[in-house]
Amino acid sequence: MGKFFTPYALIIFVFLIQACSSPSKTIFEGVRMTIPYRVVLGETLSFSQKKQAQKEIDQIFDHIDQIFNNWNPFSEISRINRSETLEPISLSPELFSFLCEIDRFHTFSDGRFDPTLGALKNLWLLHLKSQTLPPQELLHSYKQNTGWHLLSLDKTNHTLKKLSPSVQLDLCGAVKGFAVDLLGIFCSQFCQNYYVEWGGEIKTSGKHPSGRSWAIASSATPEILHLNNSSIATSGNQYQRWYVNKKIYTHILDPLTGIPLEESSYPILAVSVIDENCAFADAMATALTTFTSKQEALDWAKKKHLCVYITDKNAS
């Protein structure tokens, strides 16, 4: 996860304007899995409360790292990816619950959000960084092992079954948003007003300590967005790009083709999605980048009743 998200492809700024009376708040900041986080509570905590709160924040990130982090070789998801068994694999309650959500995201996105592209994506990145393209035979082999249909969730026994031994999961497209949702649940134990951000995915509740709405700037729109009790996630391709054979490729793969988005065919630069659920917004922002035009993406979002902001190469 660390390497995958490191170039903060989705840089979103929050403007926390200080009132003259220095409104009551407590701030937690740090870096986890190479990604900066910021948590703002609209209450002043005592020293002991702040110490305990920091401990619980660390535990949430440890939880994400130990279960969902593809870059941690000892995580649960990494162990599943290494397994080539076709027998049912027992899942932790946390991973099973999240995979059920992933199943919902995949269906809702009409297959445009596909968490089985990890191995294929790594193959492409390995070659693009070397200014080459993968051999067609190798691409065909990897593509055969992608697709959500190659996984089966048993909702009675809480197990996962691979229908192909080589299929792998990469949950990076939604797990940052999921972590932000978990941090939001934690914050709600202390106060109604809070702001959580991890690497560009944001969740807000109530108001800023000064009494105004939370003011958010997104790379997907020139507008300043004012959020209350909602989340925003942004996906974009303008920060990881490679020039190979007179074409510009990005780090996002089109699940329908298995090929990285190529600038001349995919003009969308950034997408922000607003929703109560940050994991859902995260997944849908990724899905919306795979459309071949801004209008096509907007039409799909309207049909799905999504609140979105999109910018393309025309900066429109």
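Cβ from N, Cα, C; glycine included.
Quick look at what Swiss-Prot annotates:
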BINDING   M33, W71, R112, F113, D114, D170, K176, L253  FAD binding site
BINDING   G173, D282, T286  Mg(2+) binding site
LIPID     C20  N-palmitoyl cysteine
LIPID     C20  S-diacylglycerol cysteine
SIGNAL    1-19  signal peptide
D282 (Mg(2+) binding site): nearby binding-site residues from W71, R112, K176, L253, Cα cut-off 10 Å: K176
Spatial separation of T286 (Mg(2+) binding site) from F113 (FAD binding site) - C-alpha basis, Å: 7
Nonlocal residues around T286 (Mg(2+) binding site), in sequence order (Cβ under 8 Å, 6 or more apart): F113, G173, A174, S235, I252
D170 (FAD binding site) CB neighbourhood, other CB atoms within 10 A: 20
M33 (FAD binding site): tally of other CB atoms within 10 A of its CB: 21
